[in-house]
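*Asks:* This is the structure, below, for whatever I ask next.
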Amino acid sequence: MAAPKVAVVGAGVVGLSTALCIAETCPSCSVTVLSDQFSPNTTSDVAAGMLIPHTYPGIPIHVQKQWFKETFTYLFAISNSAEASEAGIHLVSGWQVFKNTPKEELPFWSDVVLGFRSMSEAELQKFPQHQFGQAFTTLKCDCPPYLLWLEKRLKATGIQISTRKVADLWELHSEYNIVVNCAGIGAQQLVGDEKLFPVRGQVLKVHAPWVKNFIRDGDGLTYIYPGIHRVTLGGTREKENWSLSPDPGTTKDIFDRCCSLEPSLRGAQDIKVKVGLRPSRQSVRLEREVLSQGGVKLPVVHNYGHGAGGFSVHRGTAKEAARLVGECIAALQGSSSRARL
Ligand code: FAD
């Protein structure tokens, strides 16, 4: 069989990192990224990009932990390299605070992030409305820089990048041997997945360079995440809401909530409002499928539905998707050698 031709649909953090992993694990493959939108117009561009995992109810915890660990290890190496600034990857320390002590004091990812510990009484004095807290150091991906860095890596590896809206995965069968679906919330229409739904998130990106530590309320709704240039203030989680228009009332509410955690934010300037739709599901869809029409087959690998945690696990799920592409190639090679006999 000639060099397998692989199309990756989607150019968010999942599509770009999956294309890169496929090229790394299968250097003989010819990989093309097809997407209707690129940075800065994807959901991934809106995200804060913090490595604090979201829990997927439909996936065993040891698998989620493995995805997170692989992502953390990969980005930690970048953060310690000369690429860190261009890639927008940096370490950030801070606090997750709770109004009531959580049932699970030790989250499953506590030994993956750095220096995880309970907050001291002295630290908790900063948060008079909270009675328990966790301090740790994690990583943050600033977007768009991280997506642009991934795109640059893809081009340097010889991967083609092309603007195209795919109406149906089958339309790619005559041009590609394998298709990888990384369409985020677009997968609902692309493959008719009714288990996939949007969770709308509105955030503010502000100029407040004195804020150096992250602060996250344990309910996950209010957060302050400092990036290299701007601080992300959040947020909202609105299930089944498809609106991409910023809501001024929500903007004020987010700002007030964040100021009650960090009063100095009243002095923040240049407030920009962003909205994104988290591609949410009980579990990430990460599996093989074979489409077939009239005896013609098209192997597909799905990798979408990362919800509120796409940045936290993207490298781990990309590696698994690349492994599944390897299985598809082996199956294609097996059937083409059987056909020659
Ligand atoms: P996307 O970024 O949406 O990319 C999908 C791609 O597919 C796009 O390029 C799109 O154009 C393309 N596409 C779709 N349909 C088609 C089609 N038919 N044909 C061609 N192309 C198509 N996660 C974290 O881990 N940490 C955080 O701190 C964090 N903060 C967040 C804050 C907010 C406000 C939001 C909204 C999300 C946040 N997330 C966070 C979640 C994270 O953003 C998502 O999990 C992640 O971006 C999903 O990436 P994706 O590549 O699957 O989707």
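One is the number of the first residue shown, and numbering goes on along the chain from there.
Here the Cβ of each residue, glycine as well, is placed from N, Cα and C on the backbone.
Per TrEMBL, the features are:
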BINDING   T43, S44, V166  FAD binding site
BINDING   Y223, R278  D-dopa binding site
DOMAIN    5-324  domain 'FAD dependent oxidoreductase'
SIGNAL    1-19  signal peptide
*Asks:* For V166 (FAD binding site), what residues in its own chain, 6 or more apart in sequence, show a Cβ-Cβ distance under 8 Å?
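*Replies:* Listed in sequence order, they are V9, L34, D36, L172, A183, L190.
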*Asks:* Where the criterion is a Cβ under 6 Å from an atom of ligand 1, which of the binding-site residues T43, S44, Y223, R278 meet it?
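*Replies:* The qualifying binding-site residues are T43, S44, R278.
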*Asks:* At a 10 Å cut-off from the C-beta of R278 (D-dopa binding site), count the other C-beta atoms across all protein chains.
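*Replies:* I get 25 for this one.
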*Asks:* So if I draw a 10 Å sphere around the Cβ of Y223 (D-dopa binding site), how many other Cβ atoms end up inside it?
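*Replies:* I count 24 other Cβ atoms within 10 Å of it.
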*Asks:* Out of T43, S44, which of the binding-site residues has the smallest number of neighbouring Cβ atoms within 10 Å?
*Replies:* T43
*Asks:* Taking T43, S44, V166 as the record's FAD-binding set, what's the max Cα pairwise distance in Å, rounded to a whole number?
*Replies:* 19
*Asks:* Which whole-number value in Å describes the distance between the Cα atoms of Y223 (D-dopa binding site) and S44 (FAD binding site)?
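*Replies:* That separation, Cα to Cα, works out to 17 Å.
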*Asks:* Give the three-state DSSP assignment (helix, strand or coil) for T43 (FAD binding site).
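*Replies:* It is helical.
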*Asks:* Write down the Cα-Cα distance for R278 (D-dopa binding site) and S44 (FAD binding site), rounded and given in Å.
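*Replies:* Cα of S44 (FAD binding site) to Cα of R278 (D-dopa binding site) measures 9 Å after rounding.
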